[in-house]
Amino acid sequence: MRINTLSLFSLVSLVPTLALASLSGSVGPLTSASTKAATKTCNVLDYGAKADKTTDLGPPLASAFADCKSGGLVYVPSGDYALSTWAKLSGGKAWALQIDGTIYRTGTDGGNMIFIEHSSDFELFSSTSSGAMQGLGYEYHKDNKWSGPRLLRLYDVTDFSVHDFILVDAPAFHFSLDTCTNGEVYNMAIRGGNHGGLDGVDVWSTNVWIHDIEVTNKDECVTVKSPSKNILVENIYCNWSGGCGMGSLGKDTDISDITYRNIYTWNSNNMMFIKSNGGSGSATNLLFENFIGHGNAYSFDIDSYWASMSSQGGNGVELSNITLRNWKGTEENGASRGPIKIVCPDGAPCYDITIEDFAMWTEDSSRQRQWYSCRNAYGTGFCLKSGSNHVAYEATTTTVSSAPSGYSAATMAADLKTDFGITASIPIPTIPTSFYPGATPYSALMANKGSTAKVRAVVAPSKPTTVAAATSTPAEQQTSTSTPAPAVEQPSQQSPGQSAGEVGGCPFGNGRSVPTGPPRAGHRHHQRHGHH
């Protein structure tokens, strides 16, 4: 779907409590998948693919892409496919990749199983919300091998979306967004092994909206890396994960205007972890709002001397203009690992940090106390020092023995009771319909055509979307008008090329507005793992 920004005047007049968006402009593909499919549909079955879990999908997928790369839709129908040679799909324009089947890794090369690069106006999706990649990473991990392939990588892709898709058990990372622009990623489930180095979503890009995603692993949940600008991360369910973070940050770090909102973290290493060791550059204008956590080792953690990362030299990465707002819940052991730990570089103290409405408490009934610790950090709240003379200082720690008011927070019914280990096949999950307590996903799953999705208050008025009947053949796609629609989606049949912004996913059409946010003026024992 295409998301369009509104003017600041419109935002302020319609929703006074919201300020300028973290995003800098429109995100998503320029044309719908049905339009692409009507131009041309390239079904991999017509290029030699077989849904027999044995025949290599790689060559048929590459051939189908070659025929549709200049405008069209590449279609992988339902069924089980083997991928033994990786697919590098480069130079596409106005194209879509619809994967309704399950792709199983059968090859052993490194690199990326599906690598999409130098493309524009692109969409990857499953019309059934059940298309998946199964990496079978346990076949590596049970032998303590961690250098296998990644599942999905986008590089230098503009005006794109990835949605209604499932990634399971990567031998290495699951999903990377590398130097991409104007993208939207949503309605996904990512499930990996319980070990470091099996990242969920890594993003170093510009103007990208990531929302409504569940991640299970033991490393990065959704993590921003450098360089990145104008990234909005919302409605994220870190369900037995490593947790969200930024980094590792090193030399010439360039990160700004990042918002994390509505982040639910269960039984993970941390709720938000900003990690570095030396380095240079800066990360500024960061908002971490509406976080709920339970059973996590760390809550908010800035570690500028992270021991799992080799020193990068330099005075350190300068962190500034950071706001934490509305954090609730519990941590595993507040006496050992307090909910606020901020360690900034001696050579580049952090400043303009604001911590407000932060209430968390320990789950350790035998030691009813917790601490807050700050070093070289300036701002307002808890252990932060005030003042404009930002000089280095030794850590100051405050210990409290009574629970703060208002710390109690909701849990999620789907909170996992155990991890998936690293020695057995991990089952393919279904994409959930809830990612944060009380928050409705922005877009209904494509499999739930008649369901309702939440509409932000900021939406351009328009007539309802007109939906034409879909046919059952891949080449004859349905059409729809590209106007914003009311909250209730219109039901329709599923067919190749039917995509968000039409009838299957987002009910808003191409006039949907950007959500807004204030512009800030290892294992069960929680072992940390170093990589990147």
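Glycine is no exception: its Cβ is also placed from the backbone N, Cα and C atoms.
Record features, source Swiss-Prot:
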ACT_SITE  Asp219  active site, proton donor
ACT_SITE  His294  active site
COMPBIAS  466-475  compositional bias 'Low complexity'
COMPBIAS  490-499  compositional bias 'Low complexity'
COMPBIAS  521-532  compositional bias 'Basic residues'
DISULFID  Cys42-Cys68  disulfide bond
DISULFID  Cys221-Cys238  disulfide bond
DISULFID  Cys344-Cys350  disulfide bond
DISULFID  Cys374-Cys383  disulfide bond
CARBOHYD  Asn239  N-linked glycosylation site
CARBOHYD  Asn321  N-linked glycosylation site
REGION    466-532  region 'Disordered'
SIGNAL    1-21  signal peptide
Pull out the recorded positions from the set Cys42, Cys68, Cys238, His294, Asn321 whose C-alpha sits within 10 Å of the C-alpha of Cys350 (disulfide bond).
Asn321
Cβ neighbours of Cys344 (disulfide bond) where a neighbour is any other Cβ within 10 Å
29
Cys374 (disulfide bond): tally of other CB atoms within 10 A of its CB:
26
Relative to the Cβ position of Cys68 (disulfide bond), how many further Cβ atoms are located within 10 Å?
25
Select one residue from Asn239, Asn321: among these glycosylation sites, choose the one with the most other Cβ atoms within 10 Å of its Cβ.
Asn239
Of all the recorded positions given, namely Cys42, Cys68, Asn321, Cys344, which is spatially nearest to Asp219 (active site, proton donor) at the Cα level?
Cys344
Near Cys221 (disulfide bond) in space, meaning Cα within 10 angstroms, which of the recorded positions do we find among Cys68, Asn321, Cys344, Cys374?
none
What is the separation, in Å, between the Cα atoms of Asn239 (N-linked glycosylation site) and Asn321 (N-linked glycosylation site)?
29
Cys374 (disulfide bond) and Cys344 (disulfide bond), distance between Cα atoms, whole Å
8
Check Cys344 (disulfide bond) against DSSP and tell me helix, strand or coil, would you?
coil
For Cys383 (disulfide bond), which residues of its chain lie six or more apart in sequence with Cβ-Cβ distance below 8 Å?
Ile340, Ile342, Tyr372, Ser373, Cys374, Ala377, Thr396, Thr397, Thr398
